[in-house]
C-alpha cells in the first residue's frame, strides 16, 4: 500500500516541510518565532476578512462602520480587538525573529534573509495602511504626515504624493485605495512566506552554535510540532489576555475621535512598533535626510551579510559581540521611547544620540569587534 503522506503530490510538500523535515536537534525557543509569525498571519487574515465584511471604506461612514462592528455585530468587538492587538503580537514576534537572525548569524543564508527583509517592509506597509482605516484623528494625521514624506524626493516628490492621495489631500480616494491595498497585501505576504520557506529548506535551519549540524538532525514531527504547539498556546494566551483585559493599552486615545482635517492632534505619532523608525526620522533636521535615515533603518539589514567579519557564524561564543548586540537592543528600546515623546529638550538630543548609535553600532562597532575577536582566537 502506498503511503499518501509521502507520495501524494501535495501531501509530499507538506510532509517535507512540516513532518519529515530534518531539523537541528539543538534549536532553542528563539526558533519558535517563525511558526508564531505564521500563526499571527493566519489570525490577521481570518479576523481581517470578517472585519472587511462589515467595514465601509468611505470617509463619511468608515468611523461609524468600525463603531457598528464593535457595538452591533455578533462578537464584532473581539474580532476588532484581536485584529488590532494581533498586529502588535505580529510585530513583537517579527522583532524577536529578526533579532534572533542577527544574534545567531542566520543572515548568512542571504536569499532567505533578503526575502525576510521584503516581508518586513510588506508587513510594515500593511500595518500602516490598516491604521488609517478606522478614520480617527491619528489615522488621518498619521496618513497625512507619513505620505507627505514622499514629497522630499527631488523633482517627482509633490506629484508622487498627490498621485498616492488621489487628490490634493488625504481624502475618500486615499481611504478607498488604502483599504484595497490593506486587503490584498496579506495574501502577497503569505506568498512571500512560501518563498521564504522554500529558500530556508534549501539550506536547512541554522542552530544556536552556528556550526553545520548535518550530522545531528531529528525529524520536525513530533519534536518541533509539540514545541511549536506550546508556543502557539503562549502566544494565544498573551493575545487573549491583552484583548480581554486591556484592548486599548497599545492604541492611541486620539483615534476614538473621528478624523477632522481642521484640528491637528497635539502629538502625531504612529503605533508603538513604528516609534523607533519615527524617532530616527525626527532626529535629522533635514526632510530628505530624515526620510533616507527612516528607510535605511530597516534597509541596513540587507548589508548585514557583508558586515559579517567574524570567523564564527553565531554570537554564542563571542562575548564582546554579545555585549554590543544587547546595547543595540537597549538603543532600539530608547528610540521607541523617544518616538512617543514630544519634540523638545532633552528628547531631541537623546533621539539624535540614539539614532547615531544605532547606525554606528551596526556599521562600525560590530564588524570591528568581530575582527578583534578573530585576533583573540589566536591567543
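Quick reminder: no glycine exception, Cβ is built from N, Cα and C everywhere.
Within its own chain, the transmembrane segment (33-53) has Cβ neighbours under 8 Å at 69, 79-80, 82-83, 86-87, 89-90, 93-94, 96-97, 100, 183, 186-187, 189-190, 193, 228, 231-232, 235-236, 239, counting only residues six or more beyond its boundaries. Feature annotation from Swiss-Prot assigns transmembrane segment to 33-53 (among others); the stated evidence is similarity to another entry.
Annotation source Swiss-Prot lists transmembrane segment at 77-98 (among others), citing similarity to another entry. Among residues of the same chain six or more beyond the transmembrane segment (77-98), those with a C-beta under 8 A of the stretch's C-beta atoms are 30, 33-34, 36-37, 40-41, 43-44, 47-48, 50-51, 66, 69-71, 116, 120, 123, 127, 130, 235, 238-239, 242-244, 247, 250-251, 271-273, 301.
Among the features that Swiss-Prot reports, heme b b562 binding site is placed at 83, 182, with the record citing similarity to another entry. Within the same chain, residues at least six positions away from residue 83 (heme b b562 binding site) with a Cβ under 8 Å of its Cβ are 44, 47, 48, 51.
Sequence-distant neighbours of residue 196 (heme b b566 binding site) (same chain, 6+ residues apart, CB-CB distance under 8 A): 112, 115, 116, 119. According to Swiss-Prot, the feature heme b b566 binding site maps to 97, 196.
Among the features that Swiss-Prot reports, transmembrane segment is placed at 113-133 (among others).
Annotation source Swiss-Prot lists transmembrane segment at 178-198 (among others).
For residue 201 (ubiquinone binding site), the same-chain residues 6+ apart in sequence whose C-beta sits under 8 angstroms from its C-beta are 16, 17, 21. Taken from Swiss-Prot, the feature ubiquinone binding site applies to 201.
Marked as transmembrane segment by Swiss-Prot: 226-246 (among others).
The annotation transmembrane segment is assigned in Swiss-Prot to 288-308 (among others) on the grounds of similarity to another entry.
Feature annotation from Swiss-Prot assigns transmembrane segment to 320-340 (among others); the stated evidence is similarity to another entry.
Per Swiss-Prot, the feature transmembrane segment maps to 347-367 (among others); the stated evidence is similarity to another entry.
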(message) At a Cβ cut-off of 8 Å, and with pairs 6 or more apart in sequence only, do we get at least 3 pairs between the transmembrane segment (320-340) and the transmembrane segment (347-367), yes or no?
(response) yes
(message) Validating a neighbour-count step here. Other CB atoms within 10 A of the CB of residue 182 (heme b b562 binding site): how many?
(response) 21
(message) Within this structure, do the transmembrane segment (288-308) and the transmembrane segment (113-133) have 3 or more Cβ pairs under 8 angstroms, counting pairs 6 or more apart in sequence?
(response) yes
(message) For the C-alpha pair, I'd like the distance in angstrom between residue 182 (heme b b562 binding site) and residue 97 (heme b b566 binding site), rounded off.
(response) 23
